[in-house]
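Everything on this sheet refers to the single structure shown next.
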Amino acid sequence: MNEDWLASARTLSKALPYLQRYDGATVVIKFGGNAMGDDAEMASFARDIVLMKHVGINPVVVHGGGPMINEMLARLDIQSEFVGGKRVTDAATVEVVEMVLSGRVNKRIVQAINAEGGRAVGISGKDAGLMVCEQTNPDLGFVGTPVEMNPDFLHSLAAAGTIPVIAPIGAGREGETFNVNGDTAAGAIAAALNADRLLLLTDVSGVKDADGEVLSEITPDEARKLTAEGVIAGGMIPKTETALHAMENGVRAVVILDGRAPNACLLELLTEHGAGTLIKA
Ligand SMILES: Nc1ncnc2c1ncn2[C@@H]1O[C@H](COP(=O)(O)OP(=O)(O)O)[C@@H](O)[C@H]1O
Ligand SMILES: CC(=O)N[C@@H](CCC(=O)OP(=O)(O)O)C(=O)O
């Protein structure tokens, strides 16, 4: 008997309980700019998303694109700075942020998913009032906090067999355009959908302890303790804060994992040990 076939059959039989567990589940995947990698890594991510849809999971992709925004701002000679993990966003900057995120980055992901046989639909928080925002803090300019969501629109996209790919741009009630941190947007969308899982894809294997070892599972209290001790620092702070906030608002569990690792999403959902760090009460 063909050895490859046997190995695939064994893998599949082990995955069966997980396929049953996630049948009909909603999984929100935050795809950060640093997790995107080259075309081959993008294609691998897209294959995972399409496979999820085929086996009965409802994937909802929310993306970032910080490095791509930086590149375009540099080309246009516009200076940019971050305060507390958020980009200070003036009127000129928000135009570039929307063009890069809703344009190039969103369509690159949509095209990659469709090339793998999926039916992705690229939108932003502006479409169908998906994510109405208010200004986060006047010092940050056009940075928004989601205050009102339209999950029904996402349910209808899933029911139509499509995969929503969402750029983290929100509309204000006075016609403003708001730049929303990708993790914040993903958390708000996952909460509005009462998602079974929120996967935060980044460029490290998971949350590390003081010795640099990746922790396979932590509780919200342990995450708070690691932050107070300074072990969780930098860009990992807003990520774990998003995770805890999403869990307080209806998301069952959150996983922080390396989006560039082959089959990261599928390994997380369909194997016993998963991938990355599971944050669960
Ligand atoms: N305890 C920790 N475990 C893992 N990464 C950490 C930790 N503390 C700080 N970090 C940093 O957080 C970074 C991830 O955040 P960030 O760069 O903002 O990700 P992204 O761009 O994917 O949103 C990691 O690359 C790492 O340098
Ligand atoms: C307010 C704010 O900071 N918005 C982010 C939006 C993109 C993002 O979050 O991208 P990553 O997920 O790749 O970091 C920004 O302007 O960079």
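Cβ coordinates come from backbone N, Cα and C, glycine included.
Note: N179 (substrate binding site) has non-local neighbours R87, T89, T93, V94, V97, E98, F142, V143, G144, P168, I169, i.e. same-chain residues 6+ apart with C-beta under 8 A of its own C-beta. Under the three-state DSSP scheme, N179 (substrate binding site) falls in the strand class. If you look up TrEMBL, you'll see G65, G66, R87, N179 marked as substrate binding site.
Annotated domain 'Aspartate/glutamate/uridylate kinase' per TrEMBL: 26-257, in sequence order.
Residues or ranges marked as site 'Transition state stabilizer' in TrEMBL: K30 (among others). DSSP assigns K30 (site 'Transition state stabilizer') to a strand.
Taking a C-beta cut-off of under 8 angstroms and a sequence separation of 6 or more, K239 (site 'Transition state stabilizer') has the following same-chain neighbours: D183, L200, T202, I256. Marked as site 'Transition state stabilizer' by TrEMBL: K239 (among others).
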Top of the binding-site residues G65, G66 by count of other CB atoms within 10 A is G65
Alpha-carbon spacing, G65 (substrate binding site) to K30 (site 'Transition state stabilizer'), which is rounded to whole Å: 11
Of K30, R87 (the recorded positions), the residue whose Cβ has the fewest other Cβ atoms within 10 Å: R87
